[in-house]
């Protein structure tokens with residue numbers, strides 16, 4: 001017997017899903033944007049009958065949650081001869097009952113109730129709500145119903161290509177249902193991704209199978225109605241902007257509201273002599289641009305300050321001499337106060353040894369109601385790194401850690417930019433508990449790498465579009481690494497390109513949401529415009 005294809009649709013956006021509040025039995029209606037999401041889903045998927053994605057005419061049964069938001073979403077989906085398809089309002093696909101956690105966010109739960117709470121942990125669950133196993137049992141009842149109906153349908157219609165199923169329900173429930181359909185433990189649901197009924201404007205959907213012509217057609221399109229609404233439900237988002245990719249300045253304006261911090265890469269720090277420090281880059285400061293991206297939004301502009309041309313002696317002096325520490329702290333804090341910044345991002349080597357300097361700088365900035373964000377290298381065998389204890393120690397005086405979880409591969413070892421399992425390992429290595437995990441800003445690259453015969457070249461959005469337009473490559477998805485790549489030939493040389501995609505970005509956003517971390521994006525001038533719909 002042919003197994004049915006089961007299509008899972010999460011309801012459109014509500015005010016509670018938008019804010020990240022857990023919603024099970026509370027009846028909330030779709031927002032205006034949620035209605036549009038459902039209409040877009042219907043138009044682009046079901047009505048256009050994208051046959052490489054879905055065969056709407058094969059759907060012979062529909063299951064919908066009794067909750068109003070799911071019912072409303074289904075009413076907005078147009079299927080061929082929909083009136084002839086049996087619709088079952090199924091209580092077993094109501095959302096996970098969150099009990100005492102109804103109406104509050106994961107961040108609030110971890111801040112005020114249970115610091116180590118993880119809904120996917122079997123032993124945690126929800127007080128006065130359901131355990132994960134109870135939800136899984138409900139899903140098992142649904143899969144049994146689907147199979148029983150399929151058996152009956154195929155017995156009565158042996159030549160039918162149909163028997164497929166549409167399920168319209170809720171985030172956690174659908175992720176567990178997917179696990180049970182695949183005979184996986186329900187806790188594996190953390191690895192499944194399902195956002196509110198959202199197409200990323202008119203792109204070719206967030207999926208593993210993508211074609212070059214879809215990228216060419218849609219890469220510069222975005223949902224203007226949602227451009228200033230943050231949909232990422234993890235911690236704060238930091239976006240870097242560089243003067244050498246000027247498009248980033250425009251992205252910061254177009255999508256303001258999606259970014260909590262914007263970090264223009266303006267400043268270098270030089271040690272000139274004893275207790276003498278020079279800052280360069282102040283000429284790049286654009287107060288009109290700062291005003292434009294900040295107006296009406298709670299965004300903080302926190303420029304990056306990077307140590308430049310420092311010798312071991314320079315570092316040694318800053319590590320050991322209190323006068324050197326005070327001099328540099330005063331230089332940096334004065335510039336932040338004079339320019340009216342929201343704080344700064346600090347990038348330096350030997351950061352573990354600079355504890356006293358970082359502690360004093362953090363205290364000084366906090367006295368000025370400004371914040372300090374520290375750049376951290378990811379965990380790799382060749383790089384000295386923070387321990388989890390050091391992360392917790394520095395968290396006393398640092399507001400955030402911008403973790404550079406990218407540049408995993410090199411010309412010596414070509415491959416992905418940031419394998420998703422490696423990214424997850426970094427989260428757990430730095431923050432094995434949730435105590436300070438909210439300060440971790442998970443690095444996400446918007447650039448790619450082009451490898452060819454021992455050479456590696458960073459490539460940005462403009463370059464990737466030129467390559468795709470010229471070579472029309474077949475784009476492949478590596479499931480284990482969670483990234484797309486393709487190959488092409490030029491001047492007799494073979495090239496392999498790894499570049500972010502909607503799917504790879506969504507996977508990392510979901511990972512950050514699951515672990516309740518923030519994001520740090522390097523950098524927004526390098527990506528394709530339609531990436532930012534996902535944030």
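In case you wondered, yes, glycine gets a Cβ from its N, Cα and C as well.
69 is the residue from 69, 110 that TrEMBL records in the substrate site together with 95, 96, 97, 98. Distances between the Cα of residue 11 (active site, tele-phosphohistidine intermediate) and those of the binding-site residues 95, 97, 98 are shortest for 95. Taking the centroid of the Cβ atoms of 69, 95, 96, 97, 98 as the substrate site, the other same-chain residues with Cβ within 8 Å of it are 22, 23, 24, 25, 94, 102, 170, 172, 173. In three-state terms derived from DSSP, residue 69 (substrate binding site) belongs to a helical segment.
Residue density at residue 96 (substrate binding site): 26 other Cβ atoms are found within 10 A of its Cβ, drawing on all protein chains shown.
Across the domain 'GH18' (235-535), the model assigns an average pLDDT of 95.
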